[in-house]
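Copied over from TrEMBL, here are the features:
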TRANSMEM  A:6-25  transmembrane segment
TRANSMEM  A:32-50  transmembrane segment
TRANSMEM  A:56-81  transmembrane segment
TRANSMEM  A:90-111  transmembrane segment
TRANSMEM  A:137-157  transmembrane segment
TRANSMEM  A:185-207  transmembrane segment
TRANSMEM  A:227-248  transmembrane segment
TRANSMEM  A:255-275  transmembrane segment
Amino acid sequence: MLTLLLGALTLSAIYALVGFAWVLLRRTNGILNLATGAQLAIGAFIFNQFATSWQLPWPVVVLGTLATVAALGGVTHWVVFKKLSGQPEFALVVATLGLASALKGVSSLIWGTEARVMREPVPSQVVTFGDQATTTLYGLCGLGAAVLVFAAAHTFFKFSTVGIRMRAAAENPVLSAQGGIAVDWVYVLGWAMALTVAAIAGIMYAYQTALSFHGVEALGMRGLAPALIGGLTSVRGVIPGALIVGLAETFGTKVFGGSFQDVAAWIVILVVLLIRPQGLFGDKQVQRV
Amino acid sequence: MTTVRTLFNTATTMSEGGRGQALRRIAILALVCVLPLALRDYQLSLVTTALIAALGALALTLVTGFVGLVTAGNSALLALGAYGAAIGAVQLELPFLVVLVGSVLVGAVVGLLAGLPALRVSGIYLAIATLALHFILIFVFNEYQTRAVGSAGFFLPTASIGGLLIDNAIKWYAVLVVVVLATWRLVENLKRSKFGRAWMLIRDTPLAAASQGISLPAYKLAAFVVSSAIISMSGTFLAYFQQAVYIENFTLELAIQYIAMVIIGGMGSSGGAIAGACFVVLLPPMLSRAIALLPSDAVVAGFLQQNLGDFQLIIYGTLVVVFLVWRPDGLAGLGQRVAALRLPSRKGAR
């Protein structure tokens, strides 16, 4: 029982990270990014390229992945979404779908579709708490990463100038551009941060299971569930969202069998849409037009 | 050339009056009649596949083009029609037409159920609801298939209408031409009706639409239900045409392919949707032919041929983005540009 709860908690941590990526883009860039799954998978594969295929030292792996993923974010904004600014919202969503398809093709072309095992910095081991509660080292790593990311994001948005500018640009891009904020760079930063956090989630998930495009991409899409529970625009709301999805998935799988993992989050989404589409922490007034 | 141009133009030049329209109709009819004579069986069945896709693209034009909603549920609704056909034909042994009508009804009901919660709030939630619909329906059908027949999937009997078997390429082509033309007509008529005007107003200025007393949720839902019914129907056609149904066919990438048809064809143009469907369906075999023309010992040729599926994903995805950025009115808009260049007098008409 305790092991199950711990499993749900470590899974929730990963969901919190993915949900954070969804919310950040929705909030800062105003885009419902349906390419999150594909981008998350690409991030994990880039990490794998540095770590496993090239066998580089770990600092280089981390820095290289960070730089590549951030650059990808910048390219995404400058090449695609900058050109689409001013288009209706649905055009942006369709563009993310197109992006998802293209990225999947690129990834499958470069890395194939079969599952891989990533090089580990420390050998994976089982950690035991008390009498029977067990979890894995990498599960705890994921939990730590989530706590770290959320704490950092909190500090960043609350106290740093750049963070406050990002919030301003999200609130009202025209006014903040008038006030001297380089809105384009805010958007680039938004993409870079979202992609980085997504990549971290993908890497943590891949360490706990295996790295396959399909599996990691599906995780990225399911991360929409915690974001939706949080109201799509609330970073704080992602945490209870992630806990709900993590619990639903863990116990659903326990009761209905392993393949239930694929749909638990989606059922949660349908339920949320039915009873409270604005989520638990979203903006109070949902635009009904 | 004329026929191609007419295909592209039909949607937006209705104001031109009787003569142009009559000419266009004759041109389309001529094209429809000449194709089966000119093409071999394999090519004709490719055209038939394109026609089935055109049904789905027309339905999607309704939702994405007219109302401006994004749906990712196309592949799930196709699967709904296909598995409906599998259940109806294989398990219940119902005749083809009954199955077809059933799949239209089931499609409409599922569209209603999926659209109802999502469309109460802003349009973006339909994308979320249809994503959920996709993953849940695919899961259910996968479980059902595994339990009923195993991973190979269902094999369907030959379709027949009133004792007449539809068992070769020409018969299938004839049936689908009729269905596509009827659907095209339906979509065009809807576009010109009270519904179509309301939909386009909702797409362009939702606030104005609301203040005109148009109920946004009701109209959006109507569009989604009609389009779901048509897509489900095209899924049934696909199942009977291929005589096989298996889950691997119905991926999220397939849903994106349908969106690509609409975007490439030109949002809001039903003629463009048909052109887009033909483009998307016929691109892989044409690419394959083009690659075969390369010298066979070239490394490039082998590499391209092996990874054709990946290139397809990349091409469709890129085209969606490129068209959105560069020409949101798609091929239909391009066709008009070309037409305007050739007939300067038309420039004023737009």
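Every residue, even glycine, has its Cβ placed from backbone N, Cα and C.
Nonlocal intrachain contacts for the transmembrane segment (A:32-50), taken as residues 6+ away from its ends with a CB within less than 8 angstroms of a stretch CB, comprise 18, 21-22, 25-26, 56, 60-61, 64-65, 68-69, 72, 89, 92-93, 96-97, 99-100, 103-104, 106-107, 110-111, 116, 118, 194-196, 198-203, 205-206, 211, 213, 216-221, 223-224, 232.
Within the chain carrying the transmembrane segment (A:255-275), a Cβ under 8 angstroms from the stretch's Cβ atoms is held by residues 15, 218, 222-225, 228-229, 244-245, 248-249, all 6 or more beyond its ends.
Within its own chain, the transmembrane segment (A:137-157) has Cβ neighbours under 8 Å at 6-7, 9-10, 13-14, 16-17, 20, 122, 124-127, 163-164, 166-167, 197, 200-201, 204-205, 207-208, 235, 239, counting only residues six or more beyond its boundaries.
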